[in-house]
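Trainee: Mind looking over this structure? Questions follow.
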Amino acid sequence: MKILVDENMPYARDLFSRLGEVTAVPGRPIPVAQLADADALMVRSVTKVNESLLAGKPIKFVGTATAGTDHIDEAWLKQAGIGFSAAPGCNAIAVVEYVFSSLLMLAERDGFSLHERTVGIVGVGNVGRRLQARLEALGITTLLCDPPRADRGDEGDFRSLNELVQHADILTFHTPLFKDGPYKTLHLADEKLIRSLKPGAILINACRGAVVDNTALLTCLNEGQKLSVVLDVWEGEPELNVELLKKVDIGTPHIAGYTLEGKARGTTQVFEAYSKFIGHEQHVALDTLLPAPEFGRITLHGPLDQPTLKRLVHLVYDVRRDDAPLRKVAGIPGEFDKLRKNYLERREWSSLYVICDDASAASLLCKLGFNAVHHPAR
């Protein structure tokens, strides 16, 4: 049994070798000749999987170690009788922590408290729900918009997108990319929406590039609209609009979900799905794969305020470390993908063990996802 895996999927060689012969290949472009005798294909979001790639090939199963699936023609796979699995929620925590790292940086730079801001969350799935929970644990007001969930009657106080635009100081997008249909998200943030944002608002896109109309956004910024922008995703990736990058406050190469934990979850989820598909079901404990974190433990004295939280968050991950490298190489062919391929290891907040002498600080840090314990000062 031959299994092709994206060369940038961590732990894929070790895990899938339990099930068959593993060949690691680049994801963009994928070497088509390797598909001629392969039984399974494991990809990331950079690989378009459709009829033109797989027609006439012996592939029986496709797995994507990503939460999003807009790079997969699921309808064709089903029609062709090819098994499929994604990894929903695998990188949700990573994306939430990327948003926090960005917001805390902007708050420090511009001198505001997050408690004074209302956050509008567009898309309330695995990422949106976790973001809502962590913001509300800090006492920050959130507004939710998710028309598909609202129409299904899912639990939640859902508002219209127009209401979020009117009332939110921060608008952050966490939707799939739907190019048509009743819940179309292509250019959901169009020129009209962008121009309608509150003066001084913060716009964040960490889902799919085309959810925000990049041309319209650049037009608004060039005209001097007072707006802070955080973009992790771009229309036309791996190409991007260099002029837009110059105008945004934070720009990164589609790495919001790139924690070691998130990548490992993605790999293990598709591994478990494929093992079940072939009748050799196996389960993997994530902590058996992950290395020891760089920072073992730290001690925190006193209550948890915003500057202290910012220091803790940026100790684990400071978004500026990914902004600067992109600006250095933007516009050079191949460099966007190279930054992703050679991405510096990044951990989640749970990897940081925090000893607190303040019980409320320990409790709040646990709610936020840190590994925190209370030890009273002596």
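Each residue, glycine too, has its Cβ placed from N, Cα and C.
Quick paste from Swiss-Prot:
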- Ser45, Thr66, Tyr258: substrate binding site (BINDING)
- Asp146, Thr175, Asp232, Gly257: NAD(+) binding site (BINDING)
- Arg208: active site (ACT_SITE)
- Glu237: active site (ACT_SITE)
- His254: active site, proton donor (ACT_SITE)
Trainee: Quick one: of the recorded positions Thr66, Asp146, Glu237, which has its CA closest to the CA of His254 (active site, proton donor)?
Mentor: Glu237
Trainee: Distance check, please: Cα of Gly257 (NAD(+) binding site) against Cα of Ser45 (substrate binding site), rounded to an integer number of angstrom.
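Mentor: Pair distance, Cα basis, whole Å: 12 Å.
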Trainee: Given that the record lists Asp146, Thr175, Asp232, Gly257 as binding NAD(+), what is the largest C-alpha to C-alpha distance among them, in Å?
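Mentor: Site span for NAD(+), by Cα atoms: 21 Å.
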Trainee: Suppose the substrate site is Ser45, Thr66, Tyr258. Which further residues of the same chain have a Cβ inside 8 angstroms of that site's Cβ centroid?
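Mentor: Going along the sequence, the neighbours come out as Arg44, Val46, Ala65, Ala67, Gly68, Asn91, His254, Gly257, Gly266.
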Trainee: Which state, by DSSP, holds His254 (active site, proton donor): helix, strand or coil?
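Mentor: DSSP call for His254 (active site, proton donor): coil, neither helix nor strand.
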Trainee: Which recorded positions are spatial neighbours of Thr175 (NAD(+) binding site) here, meaning Cα within 10 Å, out of Ser45, Thr66, Arg208, Glu237?
Mentor: Arg208
Trainee: Looking at the recorded positions Asp146, Arg208, Glu237, whose Cα is closest in space to that of Thr66 (substrate binding site)?
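Mentor: Given the candidates Asp146, Arg208, Glu237, the nearest one is Arg208.
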Trainee: Hey, what's the Cβ neighbour count for Asp232 (NAD(+) binding site) at 10 Å?
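Mentor: Cβ-Cβ neighbours of Asp232 (NAD(+) binding site) within 10 Å number 26.
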Trainee: Max Cα-Cα distance in Å among Ser45, Thr66, Tyr258, the residues listed as binding substrate?
Mentor: 12
Trainee: Hey, of Asp146, Asp232, Tyr258, which of those binding-site residues are within 10 Å of Arg208 (active site), Cα to Cα?
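Mentor: Those close enough are Asp232.
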Trainee: Can you tell which of the binding-site residues Ser45, Asp146, Tyr258 lies nearest to Glu237 (active site) in space, using Cα positions?
Mentor: Ser45
Trainee: Run through the Cβ atoms and count how many others sit within 10 Å of the one on Asp146 (NAD(+) binding site).
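Mentor: Result for Asp146 (NAD(+) binding site): 23 other Cβ atoms within 10 Å.
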Trainee: Let me know how many other Cβ atoms fall within 10 Å of the Cβ of Ser45 (substrate binding site).
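Mentor: Excluding its own Cβ, Ser45 (substrate binding site) sees 23 Cβ atoms within 10 Å.
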Trainee: Are there any residues at least 6 positions away along the chain from Tyr258 (substrate binding site) with a Cβ closer than 8 Å to its Cβ? List them or say none.
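Mentor: Spatial neighbours, sequence-distant, of Tyr258 (substrate binding site): Asn91, Ala94, Arg340, Tyr343, Arg346.
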